[in-house]
Amino acid sequence: MKHFTKLAVAAALGTVIGTAAVAQELYTPNLAYRTGPFAATGIPLMNGQADYMTMLNQRDGGIGGATIDFEECETGYSTEKGVECYEKTKGEAIVTQPWSTGITLQVLPKTNVDEIPILAPGYGFSPMADGTVFQWAFNMPAGYWDGADMIIQHLEAEGSLEGKKIAFLHLDHPFGKEPLPVMEMHAENKGFELLPIPVGLNEMQNQSAQWLQIRRERPDYVVMWGWGAMNAGAITEAVKTKFPMENFVGVWWAGHDADLKLVGEDGKGYKSISWSFPNLDAPLMKEIKEHVIDAGLSQTNEEEMQGVFYGRGLVMSAILAEGIKNAQENFGTADIDATQLRWGLENINLTQERIVELGMEGMVPPFSTSCANHTGHSGGWMLEWDGAKFVKASDLIMPNVDAYADLIQNAAEEYATSNAPWDRNEECSVSN
Amino acid sequence: MLYRTAGQFKTSYIADQALFPVRQDAFLLGIILIFGWVIFPMTASEFTVQTLLIPILIYALAAMGLNILTGFAGQLSLGTGAFMGVGAYACYKIITIFPELNPVIAILLSGFFSAGIGVAFGIPSLRIKGFYLAIATLAAQFFLAWLFEKWSWLYNYNASGAIQVPNSEAFGIFVMGPQAASITEYYIVLFVVTLLTVLCINLTRGNLGRTWKATRDMDIAAELIGINLLKSKLTAFAVSSYIVGVAGALYVFMWKGAAEPNVFYIQLSFQVLFIAIIGGLGSIMGNYLGAILIVGLPVVLNVVAGTQVFEMSTGSAILLIVLIAVATFLFGVARNLWGMGAAIGFGAVTLIYGYAQLHGFRIESAMIEHINVMIIGALIIFFLIIEPHGLNQLWRLIREKLIIWPFPH
């Protein structure tokens, strides 16, 4: 009984203090994964995302006067925990950031009913580009189909692909299968042979069978759609089988510094397409150092901060912050809700001037979104491993979206029909 | 006193063999049913329904299916995850081929497909036993999980290789898919689980259950007294796989909403097996207790870690205190000092945690996850040490002691 009285008194006290302390706060939870099999790649991204928001809170007192509550809900990349986190946070949240493709697939239909924007920068379902159908989902600045197209463009720049053979090493999972439609389309149009080689979730670390097949088939290029332990496995295996590294290209999630540090010099020439680049000289990095790292508010470290993934985390949060700012300016209130944030995310116009203003020069290509275009199709750079770090190896490559606009539309249509009744954005008159 | 059996005379064999020989058992079950059917749906938030009630019921059902096979018939199986997958994919095909079919009927039908597959993989059990049979079911696990990935007809040639639950209507409301209300899904799950539980209780107490138990205890002796082992083992595989398949269909269609093939990997089989073992092999109620421990407790711990202990609502505070008090009392009745210590310790740790929170103590959500895993692991070891036969046996001992409480011999 004594405990209970104590508890009750404390509870009453707590409520009083709690109500007094309420300031304008925007709740943007992140469904993080710092544990589990993908933690090694997750941690730098999560740190980058969190640090950018902490920097805004410290330097500017949040965005437009409202502080950002960038709480993390740990999923360990498991879909069950993902649902738990989504249900837990959706009441207050103005945005949901689901992270894994599996969680995105589960959450995507629910956000359409719950009316919460889902921000999946550079991942998720490529047809989300069609904003008229997926009115609550965003995967800017670039989708997987953009990535596949940019990689093929880059390879074509090295010489015609006619009669060549491209092995497509991918995780046997919705994420890995995602770019297949665009790869197949290009294979048909450009006359190269596409050889899909799936890597099961159980065999990520031991890919000897897959690389034996690659040795036997002698492809001209290997394109990799890998994640987590699969990348390190593939890169070490490629070095072991002496596959020419300059003919090995990965998606942006296969460009993690730690994976390549394992092989160091031997990995020289490995490439990864990316819509972000860690420009260590950018003013933003100094701000982060001053307001977050030196203040002891970050979990990151010196080495991680220089990596591609940390920089990408910063870019992701910057995109979200830009959406929030747009919404605040348009609706004239700091305390925006989920629907207003959707407007903000649909009207992002990240021009080169704005990127410089944010202190992020060279860290992200300029792009803009509309109610019909939820991806932005920013394009990206081909990054190359020089033996110690990733460097830009190409100018900005722009995806040729027209070539697969029909694919996007058909896939989006198909999704909407199989999930009928599906609410669309009928008011949007802009075309993709 | 609370569980007094004095005056409850049994004057016939039928009364002695009844489902509830002691009146309080029926009363207790009635309370649980009222909670399940009336009080929870009226009071629970959507979060509770989606992360506690529905998954606990579904996992309990899957464990019950496995328990029929392993606990009652003595045939060890490691293929539960794959059999759940068969149910889920069968349900997906049924629903996409016959969209006008009632979803509840589709779910109940999908169990027959997994029953068929289960029987096929159960045939080796006629020749091999124990660990060797476990390996045979392991083959089923790997083969079926591989099939879910490679046979694109199963997921309607979907580019992503995942199955998505469509919105389906029945009785004029959405009962399935993202448009369906959580509460509707909960009632459907509860209906199916209640139905199958009643079926299981009666099956295991009846003729078939007795032949299973005889087969489990000594199959040669069972054969000598005239039990047809072929029939006994294969019916066990069929009934078990049917229930597991229905659980799999519920798992995807009433809860997850979408599933990739890797959901049905061996981790799921192990999780269900753990629930069955911790709950108690050869019991029905144990499956629910096991599911509460393995599926429900991590969620509760996460919520507790995330709330300000001293700021929680009065209702939750009372609930927490009552739960701790009841646990302490029950362990006290059973003279189980370890149990009492654990229950009081949990309360004390919560208070200390709340006190630390008042002084600005915060844990990162990743650290909470690590601690959570450690606590659950420790609790599994703890319960297996204090009662190796599972939570069901623990409850039975407590009940025995409760009958004579407060005057133990």
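Yeah, the Cβs are placed from backbone N, Cα and C, and that goes for glycine too.
As annotated by TrEMBL, transmembrane segment applies to B:26-44, B:50-69, B:76-98, B:104-123, B:130-148, B:186-204, B:234-253, B:309-331, B:337-356, B:368-386.
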Cβ under 8 Å to the transmembrane segment (B:368-386), counting only same-chain residues 6 or more beyond its ends: which ones?
274, 278, 293-294, 297-298, 301-302, 305-306, 336, 338-339, 342, 394
Could you tell me what the rest of the chain brings near the transmembrane segment (B:234-253), counting residues at least six beyond its ends with Cβ under 8 Å?
58-59, 61-62, 64-66, 68-69, 72-73, 75, 77, 80, 83-88, 90-92, 95, 103, 106-108, 110-119, 121-123, 125, 163, 165, 176, 188-189, 192-193, 196, 200, 203, 208, 212, 215, 259, 263-264, 272
Can you tell me which parts of the same chain pack against the transmembrane segment (B:50-69), counting only residues 6+ beyond its ends and a CB-CB cutoff under 8 A?
40, 44, 75, 77, 80, 83-84, 182, 185-186, 189-190, 192-193, 196-197, 200, 203-204, 212, 236-237, 239-248, 250-251, 254-255, 271-273, 275-276, 279, 281-284, 286-288, 290-292, 294-296, 299-300
State, in range form, which of B:26-44, B:130-148, B:309-331 has the highest count of Cβ pairs under 8 Å to the transmembrane segment (B:76-98).
B:130-148
What stretch in B:26-44, B:130-148, B:309-331 has the biggest tally of Cβ pairs under 8 Å against the transmembrane segment (B:186-204)?
B:26-44
